[in-house]
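Undergrad: Can you keep this structure in mind? I'll have questions shortly.
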Amino acid sequence: MILLAMLAVPLAGALLLLVPGLRQNRLHGTVVSGITLILALAAALAFDHGNPRMQLEVDRAWAPAIGLRFHLGVDGISLPLVVLTALLTFLCFLYLLRHPAAGGASPALLTALLLVLEVGMLGTFVALDLVLFFVFFEVVLIPMYVVIAVWGGPGRRAAAYKFILYTLLGSGVLLVGLLLVGVNAGTLDMVELAARHGEGLSRGMQITAFLLIGLGLAVKAPMWPLHTWLPDAHTEAPTVGSVLLAGVLLKMGTYGLVRLALPLAPEGAEFWAPWLGLLAVIGIIYGALACLAQSDLKRMIAFSSVGHMGFVLLGIATLTPVGVNAALFGNIAHGLITGLLFFLAGAIKERYGTGDLDELGGGMLAKAPRLAAILTFACVASLGLPGLAGFWGEMLALLGAYQPGAGLPRETFVTFMVFGGLGAVLTAAYFLRMLAKITHGTPADGPVVAGVTRHEYAAWVPLITLTIVIGLWPKLILDLTSAPVRALLGGG
Amino acid sequence: MIALASLTVLSPFIAAVVGMLLGLRLSRLLETRGVPGHRVLRNGPAVIAVVASALATLFALIVAVTLWLDPGPREGTLTLIPTGTLPIAVGLQVDGLAAVVGLMVCCVALAVQVYSIAYLAEDPRYSSYAAFVSLFTSAMLLVVFAGDLLLLYVGWEVMGVCSYFLIGHHWEDRANSRAAVKAFLVTRTGDVGFLFGIFVLGVGAGTFQIDEVLRRVGDLPDTTVLAATLLLLAGVAGKSAQFPLHTWLPDAMAGPTPISALIHAATMVAAGIYVVARLYPAFLAAPTALAVLGVMAAISMLGAALAALAQSDLKRVLAYSTISQLAYMAAGLAVGTRSGAVFHLLTHGAFKALLFLAAGCVIYVTGSNLLRDYGGLREAMPITFWSMTIGFAALVGLPPVSGFFSKDAIIEAALHAESGIPGPVATIVYLTLLVTVAVTAAYATRAWLMTFFGTARTAFTPREAPRLMSWPVGILAVPTAILGFFGLGASELRPHLGSAALSLLLAGAGGYGAYAVWRRDPALDPARVLGPVRTTFERGFHVDDVYDRVVVAPVRALARAVVGVDDRVIDRAVESSAGVTRAFGGLLRRPQNGNPQTYLTGLLAGMAVIVLAVVIFV
Amino acid sequence: MHILYPLVVAALLFSIGVYGVLARRNAILVLMSVELMLNSVNLNLVTFDVWLRDRLHGGQVLTLFTIVIAAAEIGLGLAIVLLVFRNRESIDVDRLRALAESDAEPPADSVVERQGPAGQGDQVAVSSRRAPQ
């Protein structure tokens, strides 16, 4: 019931905005997302940590003629993502209270869109039926499109179009793959299909299914070379749009790979894993090199997402418990850290009026010391410093690549590991270059830069704290994910 | 015992967090409360940092004494982190090596914290500086006391980032910022190899816990151990500034002098040597790795010493000297004397920290880093002069100062190389050690003479440095002088007549050479006799330029190429899908020519085809 | 009389009708050819009605239907042709191409700015009210 309430509250909140009286209420979005966050935390508290099975399940018949059921549930894999989504949405609303998105349309519309987006994001992570998963997966596209197209930067129309058409194409391919599996296996239920580990599907069918599902999700992840929608979408989106896009939407792709592609078509996974690993590693190096040459702050952070997701995909490609653990950990870490980075980029753009590195000049540590300090912290966390959340995902992915799953070519994966390591060095290079460019040096004379406001602190401090806590105590996440991952991969 | 060790690690960490967040607030609180006494007692960040450092030193002392009375390694694990494969043990391990190095780290850190209060008295960012120094101390102690390889790695990297923040402390000057970035990137490149070495070793042994790994090293296949140790050497080369990853250390002198003393003399750079010493059984099982280490050490040793001879900045002389001395320790490990190398690590920690802090006093008083601006400081700065003399004596290896004992141990071991490395390598190492003794004496004498003797070459008020600075320097002179005698208990750490006489002879020759050139004209730089090779030595044999051309420039070009490919190739492909679709649509539009007769013709033709098909095939 | 005679005549009439519909340019001639096709169908219907000796005379009944529909259709058709002549001065079927897809590319700019199918395919003759004939 908690999950049903958690999905119903944002939906009701969005619909309530049709009531004229509530439309003027500035706190509506914050309150609704706050209630959702409380429900998500309640679900986390009600969760039995030792139990690797699905919990808090809701299972109702929806369209019996095609075997479609309204089946929701969480386990150790989806619970952290659910809490992350609820938290990020709430923080976005807190941020919007004081820093409304620039653009002509009404704030009530933005609130409604973000709430519908939240329903879609939360639903994707708790859905346990193939078509239901797809429905929620698609729900997020239109609101995000509208958010980018109406409140975005100068190139917003083209970026929004590219975003929605590209991801819709991926979704189409994904749907074909899901239906292929569902029809051939006779059931649409994810738990049932995962327990079967691909029995009943021929090897060729599994390979095709993994290819289709994988391609569809790879557009979302994003995997090189299907990543080109990301830099434009991130650069043009407003701050809250970028935060949710990077913080949650990208996770839907990799979560789908773990939840759908791996258990439903294990032989397909084994066949395609080296290719997935290759594209992941290319993404890591490519993303890092592209960042080195960027001159726009948001675009650079967008390419860094490509690199980080490359590590996540590499972890998945190893088909080992440690690799998938690394992927799930990396998901959470990236959501927290890159969410924070986009918040900061938005704050910088708001104060300086530009996101261009050359125009920003240097000396932010002198002009806006707190902002620069938090930016430094976020960059250091993002480059994978041990002791902060980003490290464990990357390190465990490399460890997984060193010892990939049975049936995978070891030398290939060790080569991937080496290039992944090089990618880590390049990541450090571009973040430090960016920090040196804007925070060091003496500032140019100019207007005084506003300090960090209370609402910004309220939005950022939870992310900073969680980054440090998870970095110092990775057990929090690894304890949750270890048992379900082992079950998912067919182990004991 | 483990609890004490964890407190040693944690107390600077807590101080770092508290100092960063609440340091200035504490200052205000102390001011308003009107705490009496020296101004320092009302300096919030200073109080937090020094108290924590002192506590850590106390704990480390108790640990060391307990281990001395009751030797034997102890270890304890707090919890295991499940990863899906080998778990990571959050635990510490204390043995003789760890205790004594930990004590050295704490003492030097305490001295540096006290010294920094005066050195950075006017600095507005002192609180973050003190916090980072505390964080760094905590990370180094974690490396020393870690019981698990990955926990060691965590401390290893945190040290690297603290080093970045501290070198770039005066970030207003872009040169400092560049130096910090360079330090971090060069060490990170080594750290990636280090991480892979940990993987190979840990996965091969089936555990990441250090004592277990060392126990199982004998059972591992040779290739695994060799691969692991070679990869670990990459990290050692980076952190301990050995060739080819040494280029960051001279530039890191851009940071404040106390940082150079702490990080780049006594602690962080010693971490690499410490790790090799800690994992020595694994290295002994792979003599090829030790041979590689020996060659690296030989190159670094002599190259850095020659470079130090030609530097005009006092701190850069000391930086290259550090590289050279670290190479001594590495050479010691390569030829099989672990205790000799660690002994030199301890004595070097003491005398190099001393030299750097004393250099800081000189820089503070004269306002310049350059040797040519000094001269005749002997009478005005007695404490600094005598301490620095003892320090230089230790560097050169003159009895009875500590450096003499530790150097002798290494040279003697090189003569009898028992680690299994090939003979020619051992010979090269031995000969290089001897030549470097002479060159070390030369550059040390040059620096000593140019700073303290002759007449002052620029205008400054000659006075002794403030007490908070000169006293730590003086106190550090004590262990520098007497530490050597602590090693007399072990046979390999006692001086051996043959090698002692030989090294004294060579040191005397080098020192006398420098003195003779100086005597001819005390106002000029003795390094002028190097003539045309001086520039090559001064630029560190142009290794930096090679890196710039071979690594940095191609990477930048590649980055630009990638952005170009992304825009013009991949994105063009995506956007051209719109054009392709439209073109295809255009093709399909052609039959719509508006003439109904054409449509009807098509209709009838199609109908005829269908009828024929039905009739023929059905 | 053998059934073949009327069938062949009907087929010939139909073919002539098809030729006329597809190849004649004058709209009235096209309509006439349509009538020819319809009447050939009528002939066919009556022929088969007689040959099969249909008790309900379905063929002949359908023929009556066809005649009525043909009459209605020719009325409308001729009215349309008359109006077209009044507006465009010509009833040349080849020249009535207003619904054609043009070759002009929509502007290569962003998708947003795209207009409907640009341009008219054919020049529209200036209409002038002409008195009906």
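Cβ coordinates are placed from backbone N, Cα and C, and glycine is handled just like the others.
A TrEMBL annotation is a machine prediction, not a hand-curated record.
Pulled from TrEMBL, these are the listed features:
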type     : residues  : note
DOMAIN   : A:127-405 : domain 'NADH:quinone oxidoreductase/Mrp antiporter transmembrane'
TRANSMEM : A:6-22    : transmembrane segment
TRANSMEM : A:29-47   : transmembrane segment
TRANSMEM : A:77-97   : transmembrane segment
TRANSMEM : A:109-127 : transmembrane segment
TRANSMEM : A:133-151 : transmembrane segment
TRANSMEM : A:163-183 : transmembrane segment
TRANSMEM : A:203-219 : transmembrane segment
TRANSMEM : A:240-260 : transmembrane segment
TRANSMEM : A:300-320 : transmembrane segment
TRANSMEM : A:326-348 : transmembrane segment
TRANSMEM : A:413-436 : transmembrane segment
TRANSMEM : A:457-478 : transmembrane segment
Undergrad: Within the same chain, where does the transmembrane segment (A:109-127) have neighbours whose Cβ lies under 8 angstroms from its own Cβ atoms, ignoring anything closer than 6 residues to its ends? I mean 6 or more beyond.
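TA: Apart from its flanks, the transmembrane segment (A:109-127) reaches 3, 6-7, 10-11, 13-14, 17, 28-29, 32-33, 36, 40, 71-74, 78, 81-82, 85-86, 89, 92-93, 96, 101, 133, 135-140, 143-144, 146-147, 150-151, 190, 240, 244, 248-249, 252, 255-256.
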Undergrad: So, does the transmembrane segment (A:240-260) come close enough to the transmembrane segment (A:133-151) to give 3+ Cβ pairs below 8 Å, pairs being at least 6 apart in sequence?
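TA: By the criterion, they touch.
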Undergrad: Mind pulling out the one from A:163-183, A:203-219, A:240-260, A:413-436, A:457-478 with the most Cβ pairs under 8 angstroms to the transmembrane segment (A:300-320)?
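TA: Checked against A:163-183, A:203-219, A:240-260, A:413-436, A:457-478; highest Cβ contact count belongs to A:413-436.
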Undergrad: Which one of these stretches, A:6-22, A:29-47, A:77-97, A:240-260, A:413-436, has the most C-beta pairs shorter than 8 Å to the transmembrane segment (A:203-219)?
TA: A:240-260
Undergrad: Suppose I define contact as three or more CB-CB distances under 8 A, residues 6 or more apart in sequence; do the transmembrane segment (A:240-260) and the transmembrane segment (A:6-22) meet it?
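TA: Contact absent: fewer than 3 Cβ pairs fall under 8 Å.
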Undergrad: Looking only at residues six or more beyond either end of the transmembrane segment (A:77-97), which have a C-beta under 8 A from one in the stretch?
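TA: Residues 6, 10, 26-27, 29-30, 33-34, 36-37, 39-41, 43-44, 47, 107, 110-111, 114, 117-118, 121-122, 125-126, 239-240, 243-244, 247-248, 251, 255, 258-259, 328, 331-332, 335-336, 339, 343, 455-456, 458-460, 462-463, 477, 480-481, 484-485, 488 contact the transmembrane segment (A:77-97) from elsewhere in the chain.
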Undergrad: What residues in the same chain, six or more past the boundaries of the transmembrane segment (A:457-478), come closer than 8 Å to it by Cβ-Cβ distance?
TA: 80, 87, 91-92, 94-95, 325, 328-329, 332-333, 336-337, 339-340, 343-344, 374, 377, 381, 386-392
Undergrad: Looking only at residues six or more beyond either end of the transmembrane segment (A:163-183), which have a C-beta under 8 A from one in the stretch?
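TA: Same-chain contacts beyond the flanks: 67, 130-131, 133-134, 137-138, 141-142, 144-145, 148, 193, 201, 205, 208-220, 226, 228-229, 232-233, 256, 260, 264-265.
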